[in-house]
Amino acid sequence: MAMAPVSQVPQPRRPHKWYQHLYVQVLIAMALSILLGYFAPDVAKSFGPLGDAFIKLVKMIIAPVIFLTVVTGIAGMRDMKTVGRVIGKAMIYFLCFSTLALVVGLVVVNIVQPGASMHADPAKLSSSLVQTYVQRAHDTSLIGFLLNIIPATPVSALASGDILQVLFFSVLFGIALASVGEAGTPLLKVLESLSASIFRLVAILMRAAPLGAFGAMAYTVGTFGIRSILNLAMLVGTFYITAILFVLIVLGSVARYNGFSILKLIRYIKEELLLVLGTSSSEPALPGLMAKMEAAGCEKTVVGLVIPTGYSFNLDGTNIYMTIAALFIAQALNIPLSWGDQALLLAVAMLSSKGAAGVTGAGFVTLAATLSVIPSIPVAGIGLIFGVDRFMSECRALTNLIGNAVAAIVVARWEGKLDKNQLTAALNGEFGPVEAGEDLAGHVTTS
């Protein structure tokens with residue numbers, strides 16, 4: 001899957017002062033908004049448009065992000081026959097464990113029910129569309145849902161922002177662009193340049209996150225009371241515990257079956273994990289992760305295909321988050337979801353998560369994309385969790401990164417392209433650290 005060129009990967013910068021970190025700014029904004037919502041609820045509710053505006057900004061970039069990520073990724077795989085077997089096996093792995101992550105999140109949130117006592121009023125989500133969701137739930141049929149995935153025109157899909165239509169066209173266009181070979185190279189380069197610009201736009205929009213968090217949290221506390229914060233804290237805790245258990249138990253079992261320790265792997269890629277923790281994004285860690293997987297005995301071809309592709313197709317942390325967050329919103333709004341509704345949510349999340357990028361805020365973008373095609377849950381409901389979403393992004397990115405490291409080793413072993421002795425030596429720390437960028441430029445720019 002095409003990822004950001006080396007030049008796009010953020011380079012080390014001089015240390016920021018503590019108050020310049022986005023994480024700190026969001027934390028301060030949340031603290032102030034909670035105080036305002038508690039002591040002056042009427043005033044706090046007036047700041048709701050700040051959160052609404054930020055959500056609209058996020059929704060604005062959903063379609064281009066998915067289109068460019070999917071098209072450049074598929075088109076970048078030039079020799080389809082050579083890479084087909086590796087990609088096929090990788091996709092089987094991605095499908096199985098992405099589905100498992102979604103199911104795990106679904107099961108946990110049904111058991112814990114972190115939003116059940118919030119009792120938020122859907123009518124107070126400041127959206128006149130809320131009243132249409134019940135009717136849409138009755139009007140939507142399976143056949144109609146499937147037919148609606150096919151857009152009338154490519155332009156209409158992008159203009160309307162229908163995520164499944166955008167994804168459908170993106171996959172077809174990516175395959176077509178890859179099939180024309182060198183004739184498609186100029187267009188691919190243009191799309192990669194445009195992708196860099198869109199990712200930069202995402203970064204720019206994320207600078208407004210403190211204002212959006214302030215507005216969303218102030219409105220939430222002012223409207224629903226301080227008890228809502230307890231529910232949000234429970235949401236964050238539920239997600240973190242679920243992600244940790246998924247890594248240790250599910251991925252740990254996979255690692256043990258394939259002859260290595262998940263804890264040793266985590267220690268081996270600790271520098272990349274710290275980079276992810278500092279940026280809330282798995283993208284900056286891509287070159288280092290690829291270098292380390294090669295050094296750990298995975299063949300370069302497998303690494304160059306599996307890891308970049310996994311950045312869009314193997315997002316375990318994002319998938320866990322999506323089902324937990326979506327059902328939290330439904331529980332908070334007292335919207336009962338049947339098992340059929342939850343199965344639809346799982347299916348849509350499986351598709352929409354394939355357009356998620358490894359950048360800060362992408363999980364929230366993907367959640368908005370998912371809810372936009374689920375008739376029972378108001379998209380405006382994401383405003384309930386926006387204030388704490390920033391504090392779940394690190395866990396999403398960390399889980400995604402670990403999942404892709406495991407995937408590279410498993411697929412390499414599956415293909416017979418893994419040096420087991422080298423893997424053991426690497427995980428036991430028997431040679432020095434590997435630096436990012438060692439013969440990786442070609443992979444990062446064209447995979």
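Keep in mind that glycine also has a Cβ here, set from the backbone N, Cα and C atoms.
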Annotated transmembrane segment segment (source Swiss-Prot; candidates 141-161, 267-287, 414-434): 141-161
Candidates 57-77, 232-252, 320-340; stretch with most C-beta pairs under 8 Å toward the transmembrane segment (92-112): 320-340
Stretch of maximal Cβ-Cβ contact with the transmembrane segment (232-252) [cut-off: under 8 Å; candidates 57-77, 163-183, 320-340, 368-388]: 320-340
